[in-house]
Each structure stands twice: as C-alpha cells, then as structure tokens.
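Visitor: First the structure, which I've put down as structure tokens, then a few questions once you've had a look.
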Amino acid sequence: MTTDQHQEILRTEGLSKFFPGVKALDNVDFSLRRGEIMALLGENGAGKSTLIKALTGVYHADRGTIWLEGQAISPKNTAHAQQLGIGTVYQEVNLLPNMSVADNLFIGREPKRFGLLRRKEMEKRATELMASYGFSLDVREPLNRFSVAMQQIVAICRAIDLSAKVLILDEPTASLDTQEVELLFDLMRQLRDRGVSLIFVTHFLDQVYQVSDRITVLRNGSFVGCRETCELPQIELVKMMLGRELDTHALQRAGRTLLSDKPVAAFKNYGKKGTIAPFDLEVRPGEIVGLAGLLGSGRTETAEVIFGIKPADSGTALIKGKPQNLRSPHQASVLGIGFCPEDRKTDGIIAAASVRENIILALQAQRGWLRPISRKEQQEIAERFIRQLGIRTPSTEQPIEFLSGGNQQKVLLSRWLLTRPQFLILDEPTRGIDVGAHAEIIRLIETLCADGLALLVISSELEELVGYADRVIIMRDRKQVAEIPLAELSVPAIMNAIAA
C-alpha cells in the first residue's frame with residue numbers, strides 16, 4: 001500500500017449494542033484504511049454481524065460513534081449507508097435473478113428520457129462497467145444464467161458504481177469453488193488498488209492469508225486486536241479467536257473398551273460438492289468421536305450430510321454393515337441415526353409445543369402419522385424421560401419455550417433416545433446452558449456411550465472434547481485435515497491442528 005492508502009477512512013469509537021441480557025457489541029474500536037482489504041474474524045457470537053449491521057444502519061448503536069472520512073455519521077438504514085458510501089454484498093446475493101444483468105446493475109437509477117427507459121444506453125453502460133474490471137459478458141442475459149460467483153461480482157460492481165467507498169463482503173466465498181474464489185479475489189485486489197476499502201468477513205483462514213492486508217478479531221462482542229496479516233502466524237490468530245493460550249497440559253485418561261470392532265456407521269469418500277469435501281469416518285458402539293474446528297470449518301455440514309439434510313453426491317455409507325442411501329432425515333432416523341442440531345431454538349424445539357409433544361416428535365415421524373401414538377403412551381413416555389434425564393419442568397404440558405436451555409437440550413436428547421438410535425450426532429450440546437446443566441449434559445453423554453451408543457460430538461469447547469472423546473477429527477475449510485488419537489489428545493494438539 002502507498003502512503004496515501006494508509007489514511008484512515010472508517011473508524012468506530014466505543015461502539016456498543018445491547019440486547020436483553022446480551023452485550024452484542026461492547027465498546028468496540030475498529031479502524032479501516034483507504035485502499036485495504038481488512039479481514040473481520042471471530043467465532044459464533046463474536047459480534048461480526050452486529051458490527052456490520054451497525055455500520056450499515058440495520059442496527060442503531062446504543063453507544064459510540066462511527067466516523068467516515070473524518071465525519072461522524074449515523075446511518076438510518078442500508079439505503080442511507082449506501083448514500084454515505086458504505087455498501088454491503090452478502091453470501092446470498094440480494095438482486096433480482098430473473099432480470100438481466102443490466103437491469104440489476106442500474107435498477108432504481110435507469111437512464112430515462114421523457115420518462116421512457118433508454119435500454120440500449122443502459123446496456124452499453126453496463127457492458128462498459130463490467131469490462132472496466134475485466135469481465136466480458138452479455139448483460140442482456142438474466143442474472144440467474146450466471147454462476148454464483150459472477151452474480152456476486154455483479155452485486156459488487158453495482159455497489160461500487162453507487163459510489164461505495166467502503167465495501168463489506170459478508171461470507172462471499174462460502175458457496176464458491178476454488179476457481180470462482182480466485183475470480184472474486186482478483187476483483188477485490190482491483191478494487192483495493194483503485195482505493196476502495198473492503199471488509200472481508202469469512203471463516204476460511206487460508207483465504208484470509210491469501211487476500212487480506214490486515215486482520216481484526218472480535219470475541220464475545222469485544223475487540224481483541226488488529227494485526228498486519230503478514231506478521232500474524234496462524235496459530236496466534238487461532239488463539240486470538242478462541243481466547244485460549246497454548247499450554248503443555250494434556251489430560252491423561254484410559255481409553256474405553258469398545259463393545260465391538262465393527263462400526264455402527266462407516267462413510268467412505270462421502271461428501272457433497274459445494275458443502276463438504278469427501279471424507280472417511282467410522283464410529284463404533286460405545287465410542288465418542290469428536291469433531292473440532294473453527295466456525296465455518298465444515299463440522300455442521302458433515303453432520304447434515306450424514307443425516308440426509310443435505311444428501312451426499314459422492315461416496316458410500318454403511319449402516320450396520322449394509323450399504324445405505326441416506327437421502328432424508330426420515331430415512332436416517334429409520335436406520336437408527338439421530339441428530340441434535342446446534343441451534344435448538346430454530347432447528348430443534350417447537351417453542352409453543354409442550355414438553356410431551358416435543359419428546360414424542362421423532363418417534364411419531366418414524367412411525368408415520370397413520371400410526372399415531374396414543375395420548376396415554378405419550379404421557380408415559382414423557383414422564384419416563386423427565387425422570388431418567390432429570391428434566392426440570394412443572395409438568396409434561398409445560399410449553400418448552402419456558403424451560404431453561406439445559407432442560408431444552410435434555411428434551412431434545414429424549415426425543416432422539418426414544419427412537420433407540422445406534423448412532424447419535426450432537427452439535428454443540430452444551431452451548432448456551434448454565435454451568436450445572438453443562439456438567440449434567442456431559443455426564444449424560446458419557447452414560448449414553450457406556451450404554452453402547454456410538455456418538456459423534458461437535459463442540460467448540462475443546463476442554464470438553466479432550467475430557468470425553470476417544471479421538472478427535474479436525475475440520476478446516478470444509479475438509480477433514482487431521483485426526484488426533486486419545487494418546488495424543490490435548491487442547492494444544494487440537495489448536496495446532498486447526499491452525500496448521
């Protein structure tokens with residue numbers, strides 16, 4: 001970067017945003033230079049999305065100031081932010097796919113004469129705009145005929161043509177292949193060289209080191225630090241994101257005696273293009289396999305492919321030794337696979353339904369709605385699991401939304417245990433629950449394992465994984481990159497593998 005490019009264009013001072021019981025942003029100082037690519041990183045709940053929404057007028061900060069080119073600004077909405085010079089392009093392009101490229105580039109500001117659209121002039125200007133960044137395409141074609149990468153490039157060109165001085169790219173590479181990523185990076189570098197400042201939000205660390213000039217890390221709503229990319233080793237970056245220091249302590253514990261050498265579930269070269277790279281995985285009765293990695297590394301996608309939410313398009317799956325085609329969650333459930341998702345409020349519980357109704361849901365779906373479970377049987381089932389798992393609720397008819405996070409998690413576990421699975425996937429089972437419930441869930445996981453259940457546990461709590469997993473698989477950039485056996489298992493070993 002030149003000396004001029006080191007000039008600050010955007011700055012926040014003490015920016016804070018509060019929601020009931022949550023500090024989404026806490027006194028954040030953020031700085032962006034003219035003509036640089038700034039990577040904005042952080043785990044789930046770090047505050048990245050809140051910061052972006054504050055900068056673009058979606059949220060109004062409760063405290064603090066936003067400065068753009070030395071002037072204090074207060075964006076009222078995204079349109080106002082765009083007028084001020086701050087544009088945003090999201091992973092899901094917010095354009096009109098059935099309209100032409102030219103229409104999308106100039107929608108709302110079409111060239112007109114006497115109230116009539118001057119289409120040829122618009123198409124000429126659109127062609128020239130795309131060509132100015134090295135892209136030759138027929139701007140008369142509908143946007144949806146082009147790749148996702150090209151649609152994003154069109155969205156970026158539109159934002160820049162609207163006089164964006166600062167461009168925020170929120171997970172732009174999440175659904176792109178390698179060639180498409182490089183195409184996007186070429187455009188980002190062109191924009192940087194022309195003096196545009198970019199904020200690049202991503203979870204792909206390799207891409208951060210490919211394209212960014214500096215890195216800002218947020219954690220738990222607070223500013224952790226900003227470093228020059230070329231001066232920040234990846235292991236240091238991971239420490240900043242996770243908030244942990246590497247030490248040499250490794251927990252020594254005996255391995256479990258597996259009930260059988262034959263895997264309950266075995267996946268060979270199993271994957272889905274654009275979702276998760278082909279992977280190999282075997283899980284045996286009475287074994288806990290951990291899945292570790294940063295947010296966006298592919299942990300949840302692995303679970304969704306296994307459970308048939310996003311059916312695989314490559315490889316083979318053997319369930320209890322027999323080849324199976326896992327095309328849906330219902331099919332996976334029938335074959336003895338259960339899945340407790342990470343976001344229990346969105347993907348797990350039915351908030352307004354009772355504890356009883358939430359518990360019997362998976363079993364009823366497995367049986368089919370032509371074989372309804374009687375109300376008496378439902379009541380007996382619910383009472384049994386409330387007793388066995390220690391679910392704290394006034395009654396089986398209490399709406400689950402009024403239960404604590406830990407008790408909601410126990411209800412979800414009850415739902416799947418009722419189907420008598422042989423292989424259970426738990427995605428962040430202890431997230432968002434209090435300390436007491438946290439310990440109870442971990443004890444329950446170990447009890448299920450002792451009873452012969454095969455478990456795949458996704459967790460960001462590395463100490464937890466080290467405490468109960470028999471081995472841990474490391475994910476990075478939607479690929480399996482390492483496996484750590486019990487004898488070598490420690491928090492530093494996991495962190496080093498994540499950052500390698």
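Placed from the backbone N, Cα and C atoms, the Cβ positions cover glycine too.
Annotation comment: Swiss-Prot describes G42, E43, N44, G45, A46, G47, K48, S49 as ATP binding site, evidence class sequence analysis. Per Swiss-Prot, domain 'ABC transporter 1' is recorded for 10-245, and the stated evidence type is sequence analysis. The feature domain 'ABC transporter 2' is assigned by Swiss-Prot to 259-497, with sequence analysis given as support.
If you look at the structure here, what lies around each of the features I listed?
Guide: Every protein chain shown contributes to the tally, and the Cβ of E43 (ATP binding site) ends up with 18 other Cβ atoms within 10 Å.
The average per-residue pLDDT of the prediction over the domain 'ABC transporter 2' (259-497) is 89, rounded to a whole number.
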Visitor: Within 10 Å of each Cβ, count the other Cβ atoms, then let me know which of the binding-site residues G42, G45, G47 comes out lowest.
Guide: G45
Visitor: Using DSSP reduced to three states, classify G45 (ATP binding site) as helix, strand or coil.
Guide: coil
Visitor: Given a separation of at least six residues and a C-beta threshold under 8 Å, show me what packs close to N44 (ATP binding site) in the same chain.
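Guide: In sequence order, the residues whose Cβ lies under 8 Å from that of N44 (ATP binding site) (at least 6 apart) are L295, S460.
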Visitor: Return the count of C-beta atoms lying within 10 angstroms of the C-beta of S49 (ATP binding site), excluding that atom itself.
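Guide: S49 (ATP binding site) is surrounded by 17 other Cβ atoms within 10 Å.
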Visitor: For A46 (ATP binding site), what is the tally of other C-beta atoms lying within 10 angstroms of its C-beta?
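Guide: There are 23 of them.
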